[in-house]
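These features come from TrEMBL:
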TRANSMEM  B:31-50  transmembrane segment
TRANSMEM  B:56-76  transmembrane segment
TRANSMEM  B:97-117  transmembrane segment
TRANSMEM  B:123-143  transmembrane segment
TRANSMEM  B:150-172  transmembrane segment
TRANSMEM  B:178-204  transmembrane segment
TRANSMEM  B:225-244  transmembrane segment
TRANSMEM  B:250-268  transmembrane segment
TRANSMEM  B:289-309  transmembrane segment
Amino acid sequence: MHQDHEIHVRRRGRNFGLLAVLLGFIVVIFGLTVVKVTSGGFSEAFDHVARPALVPDASLNEVPATSAPEVSQ
Amino acid sequence: MTDLSLHIATSDGPAEEAGLRDYWQLLKPRLMSLSVFTALVGLLVAPGGVHPFLGATSILWIAVGAGASAALNMWFDADIDRVMKRTRNRPIPSGRVAPSDALAFGLFLTVLSVTMLGLTANWVAAGWLFFTIFFYAVIYSMWLKRTTSWNTVIGGLAGAFPPLIGYAAVTGTTPVEAWLMVGLIFMWTPPHFWALALFVKLDYHAARIPMLTVTHGRDETRRQAWLWSLGLVAVSLVTAFTAIGGPLTLAVALVLNAVWLQRAWAMYRRTDAEAEADKHLAERRLFKWSLIYLFAHFAVFVAEAALPFGGW
């Protein structure tokens, strides 16, 4: 018959408490991931271009179509 | 503590096993609740708003950070706690938690709370959280608490930072409004604590902690409490005219400060003999009012931000 080691019996309450804390931590991390991903504020998947967050006013950087330099032959 | 050491301890006679409650006690939950409340106010009054989940978790990490500094404080102050009656039964002096375990616990929670707040909110808030933990655990606990009678003032500064961290968690900045909330708690702490020290027999002298009541006497403590009260009133009234204040804050602050000044004056203008005669009635009245004062003052900041007619 299986018998728990004395230390497991003695620490049962503490171990279950730690389990609850770790499960809570997982829930928090999962929640943070969902919120960050859906709000788009955490990671910006841009490569080889200026990150929009670093551009003071993105509209200022837009080149109007009429002012595009003409290529002379 | 290893399992081996536990076996040795139990074979010699049952050493009391540390339970979750002991680790919870290491976090000084009562102090933590004040940090949570004021950090929450800082977060709610900050302009811009934040996602509710991010706000709630930011408060959680600030609370964990406050707990971490408390655990480090208990680790370092175990020798003092052993001497004083009020603290003799804390987890470390009672032998339930090994000092090294408390130190590891405090350091782990420091890294966890600062990192997680940085990832959850921003690194400005995380930086201030780290500074607060460092200030309380190292500057206050390890250095100034045992060397100067201004320890109450210095310790109070560490407890004053949570609203600034809450504010920074939303905006990433620390403007004058955030600093005024720090100033309010900073000015509030000394008279609040000295009123308590005048009517409760704290055995700090047994632990050789230089408290103002011992080093400068009880009359000087009354005078200092009155002077700091004047500073508190000034900071309180200034907050009413900033972005976190408004007419409602001004009205509430006038009432709160009028009663505070009346009670602080009553405590200042009397002798110890008079205090003994009525069982420290004036000191108790100021202490009780100080609890209402801080709660009401911070609550009115939230009301000002939440109500449609709030603000100037």
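Placed from the backbone N, Cα and C atoms, the Cβ positions cover glycine too.
Automatic, uncurated: that is what TrEMBL annotation is.
Remark: the transmembrane segment (B:150-172) contacts the transmembrane segment (B:31-50), by the rule of 3 or more CB pairs under 8 A. Highlighted: of the candidate stretches B:31-50, B:97-117, B:123-143, B:178-204, B:225-244, B:97-117 has the greatest count of Cβ pairs under 8 Å to the transmembrane segment (B:56-76).
Highest Cβ pair count under 8 Å relative to the transmembrane segment (B:178-204), across stretches B:31-50, B:97-117, B:123-143: B:31-50. Here the transmembrane segment (B:123-143) has long-range neighbours at 58, 61-62, 65-66, 68-69, 72-73, 76-77, 106, 110, 113-115, 117, 151, 154-155, 157-159, 161-162, 164-166, 168-169, 172-174, meaning same-chain residues at least 6 beyond its ends whose C-beta is under 8 angstroms from one of its own.
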